[in-house]
Ligand code: SRM
Ligand SMILES: Cc1cc2nc3c(=O)[nH]c(=O)nc-3n(C[C@H](O)[C@H](O)[C@H](O)COP(=O)(O)OP(=O)(O)OC[C@H]3O[C@@H](n4cnc5c(N)ncnc54)[C@H](O)[C@@H]3O)c2cc1C
Ligand code: SF4
Ligand code: FES
C-alpha cells in the first residue's frame, strides 16, 4: 500500500479520499489500510475524523449528526466531543484522528 | 487514630501553598466551614466560573472532607458505610484548585483588617468572607452534664458530626442502654438506629407529642405508637434533670424523680446556630448571624449561609434552604446575577423517621375560620394524613405513614397549582382502585428507564449529586432519553428525591434544545424572517448562530410543515433514516417497507416483493404490526436498486410522520361490517401519505365496534357505526403507553371523516411538542378545547388548518422515486461500515 510513502516514526498520514466525497455537514466512512475512519466536514468548513464504528455498540458513526461541539451516533444517540472523543452521555471514549485537506485530498493522521 | 473521612491515603499530606499564593492577583474568597452550605457554595461558585475568578480558601474545623450530614443516620444504623457519604474529598478540593484548611477552626475575624485568624495561629486575608459554620447540638440544662473544664461528660454526645456518630457506634458495642433526649427528627433517628444496633433505648421528649414542630397532636400520637412498636420506650412531656456520673454517664434522673440506667446519653433536643466567631468579631447576631436578602451581614464583605444565618427572622434547620442560599450568594459573588436575592424558603420536608415516612409542608392545622381542613386518620395502619386549604390554595399538608402523594402535594404547595374540586383527591387516588404505585414506594433498584437501564437509585443519586432540574437529571443519567415513555415518572422521582426543590428547565418549553424559543414563537420567527433551511434557522435564531446536532431533525420537520414544497432540504440536517428513507438497524443495515395502503395487497405486489427479496438476499421478510411487509437487513448501497425494482412508493416506516392506516375487511366481506372501512382507510392513507409531524401518526379504520384493526388505540381511529356515520377517536395509543382514544365527533360520510382527520392532524402538527405523540397531546390540550377549535371554529383557524394541510399534501413526493432519479448528496448510499461483513442480523 501507499501507506509507507508518508511514514514517520510515530504517526502516519494517509490519504483516504477526496474532499468532495464528503458533502458539507455530513460524514463518510473510509478505510486507511486496515483502519476504518469516519471523516466529517462541518458546514463551517472544518474537518474531523474519528474511528468509524461507535464505541458503544458499533453504530455507523459516519451516519451520525454533528455540530461544532459533538458527533451524535445514529443508533442510540450518544454524543461524543470532537475535542477529545469523550462521550457527553456516558459511553466511549471515541478515537479521534487529525485530518486535513491538501489539494482536495483528505489526509488522516493515524 | 480514627480515619479522616474523604482524606488522602496515609502518608500523603496536603500540598502546602507555594509562595505565589501571596502574589495571586485574584480576589480571595474565604469560606469558614466546609459543611453542606460551605461546600455547596464552593460548588456553585465553580459552576459559575468562580474557580478562575477567585482564589478560594475553605476552613473546616473537622479534619474531614465534606460529607453528607443527612446520611449520618443510616451510618449510625449500620445501613451505609461512612466512606459512602463523602461529598467532596480532600482530592476534590485539590483538583479544583481550592485550598482546604481542614482541621483548622477560625477563632475570629478582624473586620477592619479583612483577615481571619485560625486556631493554628495563621492569619489569612480575604476580599469576601463567607461564614458557613452551621449549628451545634443544644445541651439542655442538666446537673452533671459538663465536667469541670466545661467539656461534656464522657458518654454524653450530640448528634451532629461523623465523630459523634463514631462515639455512639463505639458505645453501642460496650453498653446496653441508651437515653436519647429529644423526640424530633434527630432524636427519633438516633433512637431507632441505636435500637437497631442492639441497645435498649429510652426516648425523652419535653413536649406533649413527638415531632411537635411538624405534626399535630393526633399525628404525633400515631407516630408514638409506631415508634413504640419498634421496641423503643417513649416518654413524652418528660425531661431529664440530672446526669448520673461521675467519671462517665451511668444514667439519668428524670423530672418525675425516677432514674434510668444508661451508658450513653444522646442530646438531640434541638440545635443552636454556631455564631461564636461572628459574635467575637462584632457582627450582629440575634438567634443566628443576621443577613439581608443577599446573605450579607452588616459588613459589606462578609456573608453568612446555612444554618448559622438568620434571614428575615428565620433560622433554617434543613438543607433545601441551604441550597437556595448558596445559589443566590454564588450569583452575587461571581456577578452572574448581581441583583440575585433570597426571599426565604417555604420548607416542605420529606423524611423517613424511625422507619416511618413523614412529609410535612406549611401549616399543620387550620388557622382561620374559613380554612378547609381535611384529615384521614387510620391509627391501626399508622397512617395520618391532613391538608389545609386556604382560598383554593394548599397552605399545609402533613403525611404520616403514607407519603405516596407527596410529589403532587409539594408541587401544589410550591407553585399554587389548581386543586381538585373533590378535596379528598388531594390525599387519595380515587381513579379505579388499582392505585398506581407511588414513587416513594418504588424500590431503589427498580428500573425506571428501560431503554437506557436507569434505576430509581441512579436518578436519586443524580439529584443528590446536584442536578436540580429534570433536564439535568436526564442529561446526567440518560433516563427518559430512549423512547421517552418514562419521562413523567422520571419527573416525579426527581421531584420526590429533591423534596420538591426542582428548578424549572429554562429549556423546558423550547421546541428544540438549540434555539431558545417555544414553538409558536419559533414558527412566527421562521415565517417573518423567511427561514427556509435549517442552517438559516441556526444562523438567525440560535445563540451565537451555533448549530446544535440534536435540534436538526426537529427543525427539518418543522420547516417542512411550515413551508411545504418551498422548504430547502439539507441532508445533513436530517436523521439517517430520513437521509436514506429507511430505518437503520442495529448492525447499520436498513429495513425497507413499501407502502401497502390499508394493508391491502395484490398478487402483482406480492410477486414483486418476493422477487426483490430473492434478488437482494434479504435476510428476513416479515409481516409488520402495521399491516404491511418489511424487508429487513438491507445494505445501504442496495437501497436504490431495491426501490427501482419494487416500483412502489415508500411506506414511511422510518420517519416521524404519518405512517399507516390499518383497516379491517369491513362491509364488503365481513358479516358484521357496517361500512367500507377498507376503502376509507385507503382514502386516508392516499391523502395523508408521508406527511411529517412532531411524532408518528398511526391510524386505523374499522367497520364496526368489534374493533378488529384496533382503531380505539390509534392517533386517529375511525369506527363505523352504521348509516354512513363514523366515530372519530383521537389520542389513542397501544405502544409504550396504552390509552383509549377520546371521541372527537361522530360524523356522516367519508368526506367528513377525511376532513376532520386532516384538521386534527394539522392542529396537532402545529401545536405539539417535538416527539409528543397524540396520546400526550390530546390530554394536555384537553378534548373540550380541541372540539371547540375543530368543530366550532372557536379560534377562527379551521380554514387555515385546512389550507396548511393541503399545502403539505401538495408538497408530497415519494422520496424513493425522487432520490432514485438523483441522489440528494454525493455518496448518499455509500456504506458507513466498510470493513464489516454484513449482514450481522440473523438470516431466516
Ligand atoms: C416493524 C415493526 C414491528 C413488526 O415487526 O411488526 C416496528 C418496528 C419498530 N418500531 Fe414499532 N414497529 C411496528 C409497529 C408498531 C406498532 C403497531 C402499529 O403500528 O399498529 C406500535 C404501537 C402503536 C403506536 O405506535 O402507538 C409500535 C410502537 C412503537 C414505539 C412506541 C411509540 C409510543 O410512543 O408509544 C416505538 C418507539 C418510538 O417511536 O420511539 C417504535 C419503534 C420502532 C422501531 C422503528 C425502533 C427504531 O427506532 O429502530 C422499530 C424498527 C425495527 C427495525 O429495525 O426496522 N414502535 N410499533 C412494525 C412496523 C409497522 C409498520 O408497518 O409501519
Ligand atoms: C443526623 C442528621 C440528619 C439530618 N437529616 C436531615 C434531613 O433528612 N433533611 C434535611 O433537610 N436536613 C437534615 N439534617 C440537617 C442538615 O444536615 C443541615 O441543614 C445542614 O447540614 C446545614 O448545613 P451547614 O453547612 O449550614 O452546617 P453544617 O453541615 O453543620 O456545616 C458547618 C461546618 O462548619 C464547621 N465549622 C463551624 N465553625 C467553624 C469554625 N469556626 N471554623 C471552621 N469550621 C467551622 C463545622 O465543623 C461544620 O463542618 C440532618 C442533620 C443531621 C445532623
Ligand atoms: S420492533 Fe418494536 S417492540 Fe420490537 S424490539 Fe424493536 S422497538 Fe421494540
Ligand atoms: S452504537 Fe453508538 S450510541 Fe449506541
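For all residues, glycine too, the Cβ spot is worked out from N, Cα and C.
Those TrEMBL annotations? Automatic predictions, nothing curated.
Record features (TrEMBL):
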- B:664, B:670, B:704, B:708: [4Fe-4S] cluster binding site (BINDING)
- B:708: siroheme binding site (BINDING)
- B:28-313: domain 'FAD/NAD(P)-binding' (DOMAIN)
- B:348-414: domain 'NADH-rubredoxin oxidoreductase C-terminal' (DOMAIN)
- B:448-495: domain 'BFD-like [2Fe-2S]-binding' (DOMAIN)
- B:584-646: domain 'Nitrite/Sulfite reductase ferredoxin-like' (DOMAIN)
- B:655-793: domain 'Nitrite/sulphite reductase 4Fe-4S' (DOMAIN)
- B:1-20: region 'Disordered' (REGION)
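At the 8 Å Cβ cutoff, the domain 'Nitrite/sulphite reductase 4Fe-4S' (B:655-793) and the domain 'BFD-like [2Fe-2S]-binding' (B:448-495) share at least 3 close pairs (sequence separation 6 or more) and count as touching.
According to DSSP, the secondary structure content of the domain 'BFD-like [2Fe-2S]-binding' (B:448-495) in residues is 26 helix, 4 strand, 18 coil. The Cβ neighbour count for residue B:670 ([4Fe-4S] cluster binding site), using a 10 Å radius over every protein chain in view, is 17. Within 10 Å of the C-beta of residue B:708 ([4Fe-4S] cluster binding site) there are 18 other C-beta atoms, taking all protein chains into account.
For the binding-site residues B:664, B:704, the greatest number of Cβ atoms within 10 Å around a candidate Cβ is found at B:664. Within the domain 'NADH-rubredoxin oxidoreductase C-terminal' (B:348-414), the DSSP-based counts of helix, strand and coil residues read 12 helix, 36 strand, 19 coil.
Look at the domain 'Nitrite/Sulfite reductase ferredoxin-like' (B:584-646): DSSP puts its residues at 27 helix, 15 strand, 21 coil.
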